[in-house]
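As structure tokens, the structure follows; a few thoughts come after it.
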Amino acid sequence: MSTQLTESQDQPVATDRPFTGHPVVARPTAWLRAQSMGRAIRMGLIGSVILTLCSYTVGATRERGGIMQALGLDWLTFGHMEGIFSVVLWVGIALLVLSWAIVGGLVLRGGHALPQRALAAWIGPMVLAAPLMSRDIYSYLMQGALAKEGLDAYRVGAAANPGPMLYEVSADWRNTTTPYGPGHLWLGKGITTITGDNVTAGIFVFKLLTLVAFLALIWVVRRLASELGSDPELAVWLGVANPLVIVHLIGGLHTESMMMALVMLGILASLRLRPVPGLLLGSVLIAVGVALKATAAIALPFLIWIAVARIAGPAPGGWFKETGARFAALLWTGISSVAIVVAVMFAITWASGQTWGWIAEMSGNSKVINPLAAPTMLASTLEPFISRINDDIGFNVLVGIFRPISMVIMLIGLVVVWWCFRHDIRRALLGATLAYAVTCVFNSVVLPWYYVAPLVIVGVCVRDRRAVFIVAWLSAVLCFMFDGGGNNRLYVLWWVIAIGVVMWFALRATLGFAPGMPEEQAEPWPKAAKSAPSPAPGDEPREPSARAAHQPADPAGSRPQ
């Protein structure tokens, strides 16, 4: 019998709809579905504690100095102990992912609120974690130190400023300029001005800022989902409390946390305020996000569609039908928002004492190679065959051919998505999600934390529970694709297949649904996504809810609800 949680007790109870599965997975399926909310949360807490402890042994550990060396425990970071802790790390990830899956199943199948204690259990211990799955934080601090010393990080790399921080920067990046915006350097300059050359203190300050941004994401995603008539519990569970997001933002300390917090706040402002003030404030917030990382700009065209829909109404059905009022609104809102972004960028660049050199340096991380990016995957797949025909055509040659082609496809895809998802507010947000997803597939370089951008938006606008399952499954699989030091396992085929299969059946069991499951076996999700997909872009548009449909004729509709 399938199980769900009641509000009055922390115990699973039988439902009236049986859940059946293949005999091979029947026992683990039954075990997963027998877990109560309390046990699932404790499982996640243990997983988070394990990840925190392992971050000091097999995470992105310090080359010199650090807590482990100060305690005389640096012998735990290499040799046989490194191998043992690597296995323990995978156990911690598995516990965290399974906890998230079980809690999600109880929330979606039972229709209950996502417990705050679950978020605390998953996030709390990792506040004390050392950097996980990426050494980028050391580069962030080093770039801030360059700015503090008056050096141009768009012209020189970390090697221009020898010191304790330089030892921690990956060798590949010591002579590489930064691709980040002036706001990023300004932030790093402020942190290193406070902490000096103390790497541990710098990491702690950045961790606090990341935590604030993460909590802001939870707050804004919940309210944005309510604004659009979506399920806030689903939006937070899928988009922010996602273990992929937690591990790479709280553990990995990437600027995507602050960037996407600003983007989502901008989107919320565009809906809560009157159309024009909402557009202006939203553009300012996105501009500040762009000053941190340029990919924040991808959301701006869809912010403009939101303003157009609120000012001139939704688009008529059809791929190419538009109204004169919407076209006029598009012109002046587009010009206004772009002008605001440029003005804010000028102000931040001037105030921070930086230059516009970041525009030319955005491709600086192109030396990263992993098959998450389509051109790299194609090159990796075809190279063994093509090199047998012509050994002059190696991997690097193929990557050099596929990357420009993929970039053209990405740019075309962004334009197509922008046009096809213009009809109304919900579709504009879905378009922003897909636009970020396009960059995560066709960009020259893709890393797991890049998926944070589409993830935090998708739960707000998705209605098709098949899409919810696929997003959850891909997130769970990606959690296992990078080890504590940031090395990927995407080339280990048996590992990828095994993790994919296990996660499919685990989520199928906990969520009570999977694509292709017979309807009589699938369980309903009372408050969350529906089985029917969202309308296609060419269909007659429908606004998601009365709260989201702020029309000019209703003055109250443009005000916060």
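The first residue you see is number 1, and the count goes up from there.
Cβ from N, Cα, C; glycine included.
Listed in TrEMBL for this protein:
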REGION    1-21  region 'Disordered'
COMPBIAS  1-12  compositional bias 'Polar residues'
TRANSMEM  40-58  transmembrane segment
TRANSMEM  83-107  transmembrane segment
TRANSMEM  119-138  transmembrane segment
TRANSMEM  199-222  transmembrane segment
TRANSMEM  234-251  transmembrane segment
TRANSMEM  280-307  transmembrane segment
TRANSMEM  327-351  transmembrane segment
TRANSMEM  401-421  transmembrane segment
TRANSMEM  428-451  transmembrane segment
TRANSMEM  466-483  transmembrane segment
TRANSMEM  490-507  transmembrane segment
REGION    518-561  region 'Disordered'
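Within the chain carrying the transmembrane segment (428-451), a Cβ under 8 angstroms from the stretch's Cβ atoms is held by residues 133-134, 228, 244, 248-249, 252, 254, 256, 267, 295, 298-299, 301-303, 305-306, 309, 363, 365-366, 368, 370, 372-375, 403, 406-407, 409-410, 413-414, 417-418, 420-422, 457-458, 460-462, 475, 478, 481-482, 534, all 6 or more beyond its ends. Remote same-chain partners of the transmembrane segment (199-222), defined as residues 6 or more beyond its termini with a Cβ less than 8 Å from a stretch Cβ, comprise 62, 65-67, 119, 123, 127, 130-131, 137-138, 140-141, 144, 164-165, 168, 187, 191-192, 232, 235-236, 239-241, 249-250, 253-254, 257-258, 260-261, 264-265, 268, 456, 459-460. For the transmembrane segment (40-58), the neighbouring stretch richest in Cβ pairs under 8 Å, chosen from 119-138, 234-251, 327-351, 466-483, 490-507, is 119-138. Packing against the transmembrane segment (490-507) from elsewhere in the chain are residues 21, 25, 28-29, 32, 97-98, 101, 370-372, 380, 469, 472-473, 476-477, 480-481, 514: each is 6 or more residues past its ends and has a CB under 8 Å from a CB in it. Long-range contacts of the transmembrane segment (280-307) within its own chain (CB-CB distance under 8 A, at least 6 residues past either end) are made by residues 179-184, 186-187, 255-256, 258-260, 262-263, 265-267, 269-271, 273, 329-330, 333-334, 336-338, 340-341, 343-345, 348-349, 358-359, 362, 414, 418, 421-422, 425, 428-429, 431-432, 435-436, 439, 450, 453.
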